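Student: Okay, here's the structure, questions in a sec.
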Amino acid sequence: MTTLALSPPRSSLPVEESLALYLAEIRKFPLLSVEEEHGLARDFTLTGNQKSLHRLVTSHLRLVVKVAMQYKRYGLPMADLIAEGNLGLIRAIQKFEPDKGFRLSTYAVWWIRAAVNEYVLNSWSLVKIGTASTRKRLFYNLRRMKAKLGIYGDKPLRDEQAEEIARTLDVSVDDVLAMDARLNRRDGSLNAMAGAESDTERLELLVDERPDQESALETTEERNRSHHLVHTALGTLNEREKDILTRRKLTDDPATLESLGEDYGLSRERIRQIEARALQKLETRIRELIATEHRNIRQALQRWKNPILANPKMGGVCPA
């Protein structure tokens with residue numbers, strides 16, 4: 001079995017060439033069918049079979065790169081982001097329960113993102129931006145706040161904009177400006193333009209954009225997950241709220257407020273109020289479910305101390 005490193009090789013080659021070599025290598029590993037994935041996951045769960053682990057890991061390495069690329073603007077080496085994402089992938093495989101009916105990619109993407117997030121935040125702890133709580137608040141909300149103000153890309157904040165964001169997030173203006181500068185940093189080698197007349201960045205050229213089975217499956221699984229969240233959240237509504245919301249928002253042919261009012265003997269305005277309240281309850285419950293997922297993943301990652309090297313069962317990352 002081929003031994004595979006956790007990240008693009010560190011060599012005398014330019015960063016983008018090393019990454020290109022790594023991407024070329026991981027594309028050689030085939031994706032798995034539903035049946036293959038389920039069989040390998042069960043085998044590893046029950047027996048710790050390293051060959052099954054190897055195939056599960058290698059078939060999802062492209063997913064890790066895809067997630068890691070979402071963090072390419074954050075001023076950290078892409079090789080390190082990929083390495084941390086791969087650790088998250090392996091942890092996901094360790095925790096995965098194949099008989100629950102979800103694909104591994106759907107489950108693993110949360111672990112990969114959590115691992116990369118944790119790495120970015122830990123790396124930035126060396127940068128004096130407020131407390132850990134302040135860093136997290138800014139890291140997760142600053143781009144969204146800038147978008148609300150109509151500020152996109154790497155455009156810097158004006159003083160009055162920084163002050164408004166600081167008030168909203170309850171942090172200092174200096175911390176807002178420091179985080180904004182940090183988020184706007186680019187890895188010059190990876191994000192350099194491919195040519196004088198091109199708007200394409202080098203890193204984007206390294207990723208195979210052809211439609212593939214993995215992307216299609218990810219889209220399907222994300223849609224299934226969304227349906228599951230909505231179905232679970234509907235359980236918080238009473239029967240009248242559930243019926244009104246379902247008939248108004250969750251069908252191809254939505255009922256009118258007037259028709260629902262006739263069915264329930266209520267005014268159009270009263271039906272609208274019930275619908276609005278049900279939507280608010282549904283949104284709150286979905287946010288709680290997602291927050292619980294993220295919290296469980298973060299807590300598990302924090303408890304996870306060097307799992308690959310320290311756990312004899314794993315025997316290394318991808319054993320030969």
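Every residue gets a Cβ built from N, Cα and C, even glycine.
TrEMBL does not curate its annotations; it predicts them automatically.
If you look up TrEMBL, you'll see 18-42 marked as domain 'RNA polymerase sigma-70 region 1.2'. Per TrEMBL, the feature domain 'RNA polymerase sigma-70 region 2' maps to 56-120. What TrEMBL records for 233-282 is domain 'RNA polymerase sigma-70 region 4'.
Tell me about the setting of these features in this model.
Tutor: Mean pLDDT for the domain 'RNA polymerase sigma-70 region 2' (56-120) in the predicted structure: 87.
Summarised by DSSP class, the composition of the domain 'RNA polymerase sigma-70 region 4' (233-282) is 36 helix, 0 strand, 14 coil.
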Student: DSSP says what for the domain 'RNA polymerase sigma-70 region 1.2' (18-42): how many helix, strand, coil residues?
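Tutor: With helix first, then strand, then coil, the domain 'RNA polymerase sigma-70 region 1.2' (18-42) has 18 helix, 0 strand, 7 coil.
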